Each structure stands twice: as C-alpha cells, then as structure tokens.
C-alpha cells in the first residue's frame, strides 16, 4: 500500500510540476498568476487525496482486504495485571485507562511541549546567525561572504534532520510508556506525535518568514534550500549509506569465508567429482547469503517513509504560491525514492512480515489536514501580496483579514464540493462488490434449497419404510370402567 501511494503521488505531481516550470520561465511576480497557482495547487491537493481513496479501494479489493473485519489481539509489549478477554475468553493483561490518561497528560504532553519550544529556539538562533551573516556580507561584499550567507541555512537544514531523528526516538519511548493495548492505537498515537513535532520543526521557520517578517523573496529562497537540502540528505541516508553498509557486510563475510577456508587442512582429500564440486560451490553461496541476511537489520515499518512523504507534501502545497518549483524537486526526488526504498527492502533489511490493510490509515487524515492548512496559508499569502504590491492602498488590516477569511472559506467550500463529487469507491469496485454479494446470497439460497430437498427425501424414505413395515395388532381385551364393559386394543408400532 505504501508503494502504491508513493507511485500514485509521484504521478500526481506531474501537473503542478509542469505548471511550476511554466511559471519559472515566465515572470511569476504577477499577483494574478500567484493567485491562480495557489488556487490550482489546493484544488489539486484535494482531488489527489480524494482520487487516492478510490485507488486505495481498488488495491484493497484486489488484495481482498476491503471491508475486512480484523480482530486485534493485544500487543506483545502490553503489560498489566492478568485478566480475561471478553471476546476470546482467554487470559490477557489488563491496564486501567486512567493510568494511561495520567501518563499522557502528566508526562507525554510536557515533554512534547519542551521539544517544540526547543525547536522554536533553534529557529530563532538560525535567524540570528542569518542576519549576522547578511550584515557581514553587506559590509565586505566578497565571494566568501556571499557563500557565508548560505551557511546558516545549510546548518539549520542539517539541524532539522538531526532533531527529527532524535525526536522520533523520544516519541517511540513515550508511546511505549503510555502502554497502548492494540497495535492500531499504538501506531495512531505515534503518528500524531511525529506529525506534530515534524510539522513545527520543518514549517515554523516558513510561517515566521511569511507572516511575521512578510518577506516573500526570503520565503522563496528558504523554502528552496530546506526542500532541496533535506531531500539530498534523505537520499544519502536511504540509498548511499545503506549501500555502503551492504557492501561492507558483504566484504566482511567474504573475508571471513576466506579465513575459514584457509584453516582447512590442505592435505585433506578432495573429491574430484564434478557434481560434488558444483554442490560445494552452491553450498558456499547459500551459506554466504544466509550469513549476510542474518546480519541485516529488522525492518521497522513504513512510518518514517510516510512521514517523509508528509513533510514533502507540506513543502509542495503550503507555500506553493511563493515557490512553484517545489513540485518539480519533489517529483525528481520521488522517482529515485521508489528505487531506494525497494533497494532497502531487498538488500538492507530482513524480509518483513506482511500486514493486511485497506488504506494508509491515519496518514490519510494527516494529509487531508495538511491540505486544509494549505488553503489558509495560500490565501493569506495572496492577501499579503496584494497588500505589499500596493494593489489595495485604501484597505486596512481589518479589510485584509475579511478578504482572507472570505477567500479561504470560498476555496474550502470548493474543495469540499470537489471531494463530495468524487466517490470513495469506483464504479467498477462497487459493481464487483454487488456481484459478489449477489453470488453469496444465491449460494446461500441454493444451499438452503438443497438442504430442504435433502430433508424431504429423507422424510419420504422414512414414510415409505414405515408403510412397508407390518404392524402386529393384539387381540381385544375387555375392561370395565364405572361398571361399563369396554374393548380396547394395545398397539405397538
């Protein structure tokens, strides 16, 4: 399902990428073009997410996981006092809900808020370094000072990646501490934690530049640097480093095999039979493969991959009117992302167990929320551009806010209408599901009819057997009841 989503998302990036290239070769400072691109991008995001629901339904129907009732046992790491499961009747741990809530509000939330404040502090330090570098460059105007201006952005991009990786470990530890019973609840709470921190860590600087500093050129350059640098770092982490580790482990196994063979007695008798020689070669290859795969790391799931796509989707849709080329860089990155993720699964990690699913789960909601935030940010950017370019000289702040609210509500209404117009299930899937339900009903009716016919046949055989059996009639006997003589016959059948 992840690869299906990644491939569909990559193909969906082609329209905004083409339009972004057109805006790159044509001057995009015109406010009408910016507004048009902003509306196009938020409408594109809505259509993309709604059409993906249909595609996910097709995948789930093809794989037999659509509308599947899935019973979940408690997680292996779930702990508590032993009790009885009301569904299965088997013993399992029981943990009070109030303890989990207490841990969430008294431990998890304060730690998350501290991490968010730390991310904001790092952002303020970045701006201080950036301003100092720009002042230094304005004073000296040399090639080295011009390069120095880019250093704070590079360091901040690296800091974002480092903080994201550290926070993911903190979020996992907090999720384990909360002690969720089901794996689905565990994953959903982990997604919320990761999305919240990564959203603040990656986008707070862009919101600060756009709406506090109101510097659109700086927003454009910062967005380009953050997007490109983070994607380059991500590709190094996901492709280059795993490949180097794979080659290192393979070479290590080769050297170990050579040392093992060197210790074998050279005077041992060697079988010259060709078949045994081939068998020995095959056994060596199989042994080497088993040793290499045994040293591979365990695959932790698609959580990090989905999170990477979520951050990239935010860069594409949140500030698209400021940097229309974001979709181009995202498309280029995803073309290689598909191959690098496949390489990781085939060469870097141990083979994971499959988990049936009908959708991308809570990530669908996260992407939809990002689309709603994108509507507000793009409408606000258009309103600010109108004000900064002097196209609305007589409008005060209240008028701009009303313009923003009106435009934002209009675009949101348009996206809701588009979402309602596109059904979640394609017509082919609905038709196939109806056909399967009809066939199931017909099979049930045929089974009932066959059972009824079988019952009638058995009943006829029993009646015919009863009619063919002779019945012995005992002689009449006299009895007196209330002085009256009566004749009766006892019959045993």
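Every residue, even glycine, has its Cβ placed from backbone N, Cα and C.
Quick look at what TrEMBL lists:
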type	residues	note
DOMAIN	1-435	domain 'Anoctamin transmembrane'
TRANSMEM	7-28	transmembrane segment
TRANSMEM	34-52	transmembrane segment
TRANSMEM	104-129	transmembrane segment
TRANSMEM	149-167	transmembrane segment
TRANSMEM	190-211	transmembrane segment
TRANSMEM	223-246	transmembrane segment
TRANSMEM	313-332	transmembrane segment
TRANSMEM	365-386	transmembrane segment
TRANSMEM	398-422	transmembrane segment
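With pairs at least 6 apart in sequence, the transmembrane segment (149-167) and the transmembrane segment (365-386) have fewer than 3 Cβ pairs within the 8 Å limit; the two do not touch. Away from its own ends, the transmembrane segment (149-167) comes close to residues 115, 118-119, 122-123, 126, 129-130, 133-134, 137, 194, 197-198, 201-202, 205, 222, 225-226, 229-230, 233-234 of its chain (Cβ-Cβ under 8 Å, at least six residues beyond either end).
Counted over residue pairs 6 or more apart, the CB atoms of the transmembrane segment (313-332) and the transmembrane segment (190-211) come under 8 Å in at least three pairs, which marks the two as touching. Panel annotation: around the transmembrane segment (104-129), residues 151-153, 155-156, 159, 163, 167, 170, 174, 177-178, 193, 196-197, 200-201, 204-205, 208 of the same chain, lying at least six beyond its termini, place a Cβ under 8 Å from a Cβ of the stretch. Within the chain carrying the transmembrane segment (190-211), a Cβ under 8 angstroms from the stretch's Cβ atoms is held by residues 108, 112, 115-116, 119-120, 123, 126-127, 156, 160, 163-164, 167-168, 171-172, 174-175, 218-219, 222-223, 226, 230, 303, 306-307, 310-311, 314-315, 318-319, 322, 361-363, 366, 377, 380-381, 384, all 6 or more beyond its ends.
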